[in-house]
Structure formats: C-alpha cells, structure tokens
Amino acid sequence: MKKPSEKDSGVNAPLLPKFRQQQQQHEEEKQEENIPRARSASVSGAVFNVSTSIIGAGIMSIPATLKVLGVLPSIILILFVAVLSDISVDFLLRYTNSSKSYAGVMGESFGKVGSVVLQVCIMVATLGTLIIYLIIIGDVLSGSESDGSVHLGILQEWFGIHWWNSRAFTLFCIVIFIMLPLVLLRRVESLRFTSAISVFLAVVFVVISSVMAISALWQGTTQTPKLLPDLAHQTNFLELFTAVPVIVTSFTFHFNVHPIVAELSKPSDMVSAVRISLVLCASIYCAVGYFGYALFGESTMADILANFDQSLTFTLGPLLNDTVRLSYALHLILVFPLLNFALRVNIDGLLFPKWPLLSTHTIRFTSLSFFLLAFIYIAAIAVPNIWYIFQFVGSTTAVCIAFVFPGAIVLRDVHGISTRRDRILAAVMIVLAVIASSIAVSSNVMSLLRSNQ
C-alpha cells in the first residue's frame, strides 16, 4: 500500500479553509455581477443622495434653535457642526480598508462588539426617524389632535372629513403605492432622481418662507429676530445646549456614506460630493432657520410646520400655507427610501452576517423590505406621538454615529496611518460630542420633571 504523503495526511490542512474562503469570496463577487452594480454613479447623483440623507425632519426644528440661541450663535453652530461632519466623514473614508460599510470599519477597529454597537445605534436612529416621518406625513395630510385642539390636514381642509382621508387609510395608500416601489430599488444610485426632487422641495420651502418673512418684516407684522440669546429670561442656562443635538441630528448621514461611495465610478469623488452637499445643506438650514424665526418670532414652535397651520395676514396666506405643508410632506416621502436603505442593510448585517450581499438575495431582500415597511406603518398609527422618546435617542445615537465612533476609529488606528493632527481632532471631537450630549440629556430630563410637577 502506498504511504500517504504529508499533503494527504492533512499536514497542510490549514490551507484548505483559506482556499474555501477565497472560493466563497469569488462566488459572492460573481453573484454581485448578476445585477447591474457597475460603478457608474455620477457625482451629481451622490450629491443629491447625500443631501437627501442630511435634510430630513430635523429641518423643521432649526428655527426653534434660533429662538433658543439667537441668530448668530445658531448660524455659527450650524457651520461648526458641518465642518465637524466633513472631518468625521473624511476619517471614515480614509480609514476604510476592505470594508464596504460603516459597520465593517467599526468591526475592523473594535471587533464584533464594535460592529454590533454601531448597527444597533443606526437601527434605533433610523427606525425612530422613519416612524416620525410617517407621523408628520399623517399630520400634514390627515390632521392631528393635541391638548384637546384639532388641527385639520390638507386633505380634510380641501374635501372635508371622510373615511378615505383618515390617517390610517391615507398612510396606507402612500406606503403601498409610493414608498413600497421606492424601497424595493436595490441600488442607492436609483434614488438619485427622487433625491433631486426632495432637495428641490426643500429649496421651495426656503423660498416661500423667505418671501413670507421678508413681507412680514416689511409690513411690520413681526419682530426683528434677536441676534443673541436672551439670558435674562432664560429659565436654565443649560437649556441652551438642547439645541446642539437638533443640529447634530440634522447632519447625521454617515451610515449612507459607504453605500453611496461603492457605486461611484471614482470613489475619490465622494470627498467633493460630501463637501458640496454640506455647503448646500448648511445654506438651506441657515436660510430656513432665519426666515422661519423671522416669520413667527417668539411664537416659533419646536416643529415650525405647526405654525403654518395658523392663519397668516397675507392675501395668499392659505395657499402658501398649504404649499409649504404639502411640499414638506412630499419631501419626507422621497427622503424615506434613502434612510430605509441604511436601516435595512444594518439589520441584515446584524441578523445574517455570513450570508451573501442582501441585494443579491431576492427572498431575503423582499421579505425584510416588506417587514420593515409594515412595522413602521403600524408604529406610526399605534403611537402617534413619540417626540420625547426620540428626543433622548437623538441626543445619544446620532452623536455617536456622527462623531464619537469616527473619532474612536482614528484613535484606535488599527492600520497605523493616523497623524498627530488626526488624533487631536478625533479626541476633541469625542470630548465635545460627549459633553454636549450629556448636558442636553440632563437638561431634557430636568425639563420633563418640571413639566410633570
């Protein structure tokens, strides 16, 4: 009998798993080719997708931050957070090695625990935001009731109160006929046209608000906005810090960076796309904040959309009110699929980490899409008021996603590429984020305790 060689006896067996891993990776690459995933996305498409990821429900709270902080500190804060966002995204792009997602980068630096913590934060932040989107859309179209007062929606104002324009049926139609086809698109680049429309609708809101504010200032029907905070009438100095999480949440888009850059023909173009988007969105935020605050003054509400439910002293007041509310609802409808994309990818990565890419597995992709959409719809109908819950969530998860985790990746530096400047910026970013978030959460807790007394 022939004596078995070393190779046959298993001495070289450790090479086998490596070969199988390479073979499995090759099969996954072949599966990716089964769908059109060529790197053909344009810079303009990336700009629109990043801008849409940034501008969401947070835009309606920007005027309230100017009411709390004053015009100058708020604008400085918006620009400062935009610069920090650019730095943190640059960290994520430069410290990405072979990973195709934010969670993968965290996994390279902190192992499985780091990846799971990030995925949980992204899921909580995006899921809460998407539920709030549906709640706001329902409020705009079908009205709402708060503190005993009823606010009619646009459909009820136009056609009266009927079963077919109730909140449940209206949202059901929007989810089935508009959102479902959009969330079933497998590539982020496929959403570039809806993203462009959503950015245009945000600009429409800015233009209408500015025209109304300038007209009100000219007629003397509103007060000139205060430039600095009114500390004499401020009940608690720490309440000034509650504006910080609102701005930070408004610039949290980091979970969509890797899916967008993966489809660019030149990944290096992502840096330019992010900076263009940040300049565009910071300009929109400053304009919305100033003109919204100038229009309603000290009566500016936390959600300025509620102010547009009031009767304004303009000839075209009702028409402008409906235009603003309707454009905002359409904007959220078109933003919804992009955030849903990030939520779906992170849930799949947490539940099925060793499976092929989600976009290559039709059954898993479709099932998860239907389940998430149904859950968000049911939550928006069953729990119509969840603002306080996600106010605390936004003070924690959004800050971690935008600044704490990117800074921690730089300080960990598993690839040995960080510079002294990188480490200083990362440390400062983490310290500022933790301090501002802690103060904001403490202030929110004290405000709730005082309101319940």
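Using N, Cα and C of the backbone, Cβ positions are placed for all residues, glycine too.
Any TrEMBL annotation is an automated prediction that lacks curation.
Residues or ranges marked as region 'Disordered' by TrEMBL: 1-38.
If you look up TrEMBL, you'll see 25-36 marked as compositional bias 'Basic and acidic residues'.
For 40-425, the entry in TrEMBL reads domain 'Amino acid transporter transmembrane'.
Residues annotated as transmembrane segment in TrEMBL: 46-66 (among others).
Sequence annotations record features per position, and here TrEMBL assigns transmembrane segment to 72-93 (among others).
The annotation transmembrane segment is assigned in TrEMBL to 113-136 (among others).
Taken from TrEMBL, the feature transmembrane segment covers 168-185 (among others). Remote same-chain partners of the transmembrane segment (168-185), defined as residues 6 or more beyond its termini with a Cβ less than 8 Å from a stretch Cβ, comprise 134, 137-138, 141-142, 153, 155, 191, 194, 333-334, 336-337, 340-341, 344, 366, 369, 372-373, 377, 380-381.
Sequence annotations record features per position, and here TrEMBL assigns transmembrane segment to 197-220 (among others). Within the chain, the transmembrane segment (197-220) has long-range Cβ neighbours (under 8 A, six or more residues past its boundaries) at 48, 51-52, 55, 59, 280, 284, 287-288, 290-292, 294-295, 312-314, 320, 323-324, 327-328, 330-331, 334-335.
Sequence-distant contacts of the transmembrane segment (240-261) (same chain, six or more residues past either end, CB-CB distance under 8 Å): 41, 46, 49-50, 53-56, 58-59, 61-62, 64-65, 68-69, 74, 77-78, 81-82, 85, 88-89, 92-93, 96, 99-102, 104-105, 122, 125-126, 188, 229, 234, 267, 270, 273-274, 278, 281, 285, 338, 341-342, 345-346, 391, 394-395, 398-399, 401-403, 406, 433, 436-437, 439-440, 443-444, 447. Annotation comment: TrEMBL describes 240-261 (among others) as transmembrane segment.
The transmembrane segment feature in TrEMBL is assigned to 273-296 (among others).
TrEMBL lists 326-343 (among others) with the feature transmembrane segment.
Using a Cβ-Cβ cut-off under 8 Å and counting only residues 6 or more beyond its ends in the same chain, the transmembrane segment (363-383) has close neighbours at 127, 130-131, 134-135, 138, 167-168, 171-172, 175, 179-180, 183-184, 186, 340, 343-344, 347-348, 352, 355. Look at TrEMBL and you will find 363-383 (among others) tagged as transmembrane segment.
Taken from TrEMBL, the feature transmembrane segment applies to 389-411 (among others).
The annotation transmembrane segment is assigned in TrEMBL to 423-441 (among others).
The stretch from 46-66, 72-93, 113-136, 326-343 with the most CB pairs below 8 A to the transmembrane segment (273-296) is 46-66. Comparing 72-93, 113-136, 326-343 for CB pairs under 8 angstroms to the transmembrane segment (46-66), the maximum falls on 326-343. With a cut-off of 8 Å on Cβ pairs spaced 6 or more residues apart, the transmembrane segment (113-136) and the transmembrane segment (326-343) reach 3 or more such pairs and are scored as touching. Long-range Cβ contacts of the transmembrane segment (72-93) within its own chain (Cβ-Cβ under 8 Å, at least 6 residues beyond either end) map to 62, 65-66, 102, 105, 227-229, 243-244, 247-248, 250-251, 253-254, 257-258, 261, 270-271, 274-275, 278-279, 281-282, 285-286, 289-290, 402-403, 406-407, 409-410, 422, 425-426, 429, 432.
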